[in-house]
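Chemist: Next up is a structure, given as structure tokens.
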Amino acid sequence: MKLFKYILRTFLLVFTLSVTTHVNAQSDYDLGSMDSVDICLLTCGPGQESYSMFGHTALRIHDKARQQDLAINYGMFSFSQPNFILRFILGQTDYTMGIQDMSDFIWQYQHEGRWIKQQKLQLSRKEKWEILQAIQENSRPENITYRYNFFFNNCTTKARDIILDHINRQEDVKGMAYIPSTYRKEIHKWNASSPWTQFGEDLLLGVSADFDISQSEYQFLPENLSNDWNHIQLTGHFDSLQNQKMPLVESTSWLISKQDKTENSGYILTPTVCFALLFIFTVIISLYEYRTGKKIWALDIFFYFATGIVGIVLFAMLFSKHPTVQCNLQILMFNPLVLAFGWSVIKSLQKRAWSKWAIRYSIFYGICLVLMLIGAFIQTYQPGIIILALSLLFRIIFNLKYNR
């Protein structure tokens, strides 16, 4: 979720954790030293780039006795990685865990105009010790890299798991408000002000993005996790206290205040508007052809070429490791076969002598469009996609009836 620009400055800081914790036996001194250590969940506001618009999650390790203040990040990546875009599309992107000085972390978000919310966690000495040991193990060169997945294995889920996996008390989530949702609905809450980004993401997401998700899956977004943790109660032994019940979050503060911003996309030509104009243009061109007897076949070339190119991308997504993109009903419209068989339709339109292949393919493609529109009952489409499908369907029917 977040591209950290200070890799060289922060890389060597991974070794500073060895000062905070010891790899020897868990002695009384080790546990006693944890009283000076605070572990906090950091939730960061969205940025301007598409990869940062959903926010970011990090952990803060503050050892007051040793005057060490570090941010633990699981969101480091570089566009300079070989074949980064292709690997990202295919779900083969590797992210790394990094450690950054807290002052640099705060400066970076101030510079980007983004807020930071801090939730101090109420952890026992043993829990803190085990978490620090896990982070230290994670910071080893052989463990620092992980296979990123936007929904299932990202900076938020990694930070969540390394905390919850080392809490030795019973978790009670009573009172946690969860309204059934889907992955698509959740990301729509954050990309609504960027209609073209939302359009592109919805184009890639398939049927499974519209399935109901569990409470744990709902926590893939930073703000969702932060809100949920406000409701967690822990019951069990807390240091020398027996069977204590207390909230996971001890206190909440703002390291950088959240500023109210008016949500305004700033776009006049949204995808819906553009495709609505395209539909109107298609109808006008078709009426012109009907009245004049002339054929403007460039419009059909545009339709077949554009849908075919997008179809190549959707076809590639069938082989992606992202489970939410593999079954995408929009491939019925954006089909790479259009580039091959669509040409026979274009030649038939030019000659006004339709071959059997051209007629059969046009009918077949029309059926695919109808099936895709029916699929709207199980997969959410962008309004612009529905308008485009209607434009194509109208054009196919018109060509079969009047341009033969």
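Every residue, even glycine, has its Cβ placed from backbone N, Cα and C.
Quick paste of what TrEMBL says about this protein:
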- 34-171: domain 'Lnb N-terminal periplasmic' (DOMAIN)
- 268-401: domain 'Lnb-like transmembrane' (DOMAIN)
- 1-25: signal peptide (SIGNAL)
- 267-290: transmembrane segment (TRANSMEM)
- 297-317: transmembrane segment (TRANSMEM)
- 329-346: transmembrane segment (TRANSMEM)
- 358-378: transmembrane segment (TRANSMEM)
- 384-402: transmembrane segment (TRANSMEM)
Chemist: Can you give the mean pLDDT for the domain 'Lnb N-terminal periplasmic' (34-171), rounded to a whole number?
Modeler: 91
Chemist: Hey, which of 267-290, 297-317, 329-346, 358-378 has the most Cβ-Cβ pairs under 8 Å against the transmembrane segment (384-402)?
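Modeler: Comparing 267-290, 297-317, 329-346, 358-378: 267-290 has the most Cβ pairs near the transmembrane segment (384-402).
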Chemist: Which residues, given as numbers and ranges, are at least 6 beyond the ends of the transmembrane segment (297-317) yet have a Cβ under 8 Å from it?
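Modeler: For the transmembrane segment (297-317), the nonlocal Cβ contacts are 89-90, 203-204, 206, 282, 285, 325-326, 328, 330-331, 333-339, 342-343, 345-346, 349-350, 391-392, 395, 399.
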Chemist: What else in the chain is close to the transmembrane segment (329-346), if you only count residues 6 or more beyond its ends and a Cβ gap under 8 Å?
Modeler: 203, 206-207, 297, 300-301, 304-305, 307-315, 318, 355, 357-358, 361-362, 365, 368-369, 371-372, 375, 378-379, 381, 385, 388-389, 392, 399
